[in-house]
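Heads up: the structure comes next, in structure tokens.
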Amino acid sequence: MEPEALETCPYNPHHRIPLSRFQYHLASCRRKNPKKAKKMASCKYNACHVVPIKKLEEHEAACVNKSTMEEEDSLSPLKVSLPNAGQKGNRNASPVSPRLPNPDLWNVDSTNCHPMFVLKSFIPQKLVCESDTRESETDDHNPIPDCPRRRSSDRESEPPAEDTSLLKA
């Protein structure tokens, strides 16, 4: 088994981290070094590329992951930009050409015109426990008339008995 490639931490050059753990280490080291973190910025093409803010534009122009992001952007579904108000009067302006989706993307709907899902308001209904229903049925058909069963709902509705012995004193 080959050893995994090690990356150098931008917050502390003495830290050498395996690539598989690098994102976790960056988050941890960023929290532990807030002063240094204020001077650093993440690349928009790869969050593991953390560079000084002054060198960010230079890095993003030459970033190795830039081409990957541009390819993914070209594979995105149909995008149409509407002309702005300044272009409405200009008839010589070229028509807006929508970006067509890649035909290899079979799991994306090409029309992309689904109605927006809106959750309708929830109306709560009275919930009934099955055991309560069975208990009330057995109360109605009690085979022993000498021993009437009381439902727990009957006990809750009765007011508590008052102790009048304390009132006489």
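Yeah, the Cβs are placed from backbone N, Cα and C, and that goes for glycine too.
Annotated Zn(2+) 1 binding site per Swiss-Prot: CYS9, HIS15, HIS25, CYS29, in sequence order. Counting only residues at least six positions away in the same chain, the Cβ atoms of THR8, CYS9, HIS25, CYS29 sit under 8 Å from the Cβ of HIS15 (Zn(2+) 1 binding site).
Annotated Zn(2+) 2 binding site per Swiss-Prot: CYS43, HIS49, HIS59, CYS63, in sequence order, evidence recorded as sequence analysis. In the three-state DSSP classification, CYS43 (Zn(2+) 2 binding site) falls within coil.
Residues or ranges marked as compositional bias 'Basic and acidic residues' in Swiss-Prot: 131-158.
Marked as region 'Disordered' by Swiss-Prot: 67-103 (among others).
Annotation comment: Swiss-Prot describes 131-169 (among others) as region 'Disordered'.
If one looks beyond the zinc finger (6-33) by at least 6 residues along the same chain, the residues whose Cβ comes under 8 Å of a Cβ in the stretch are 40, 47-48, 50-51. Sequence annotations record features per position, and here Swiss-Prot assigns zinc finger to 6-33 (among others) based on sequence analysis.
Among residues of the same chain six or more beyond the zinc finger (40-67), those with a C-beta under 8 A of the stretch's C-beta atoms are 7, 10-11, 22-23, 26, 30. Feature annotation from Swiss-Prot assigns zinc finger to 40-67 (among others).
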Limited to the zinc finger (40-67), I'd like the whole-number average of pLDDT.
92
Given the recorded Zn(2+) 1 site (CYS9, HIS15, HIS25, CYS29), which additional residues of the same chain have their Cβ within 8 Å of the Cβ centre, ordered by sequence?
PRO10, TYR11, ASN12, ILE17, PHE22, LEU26, SER28
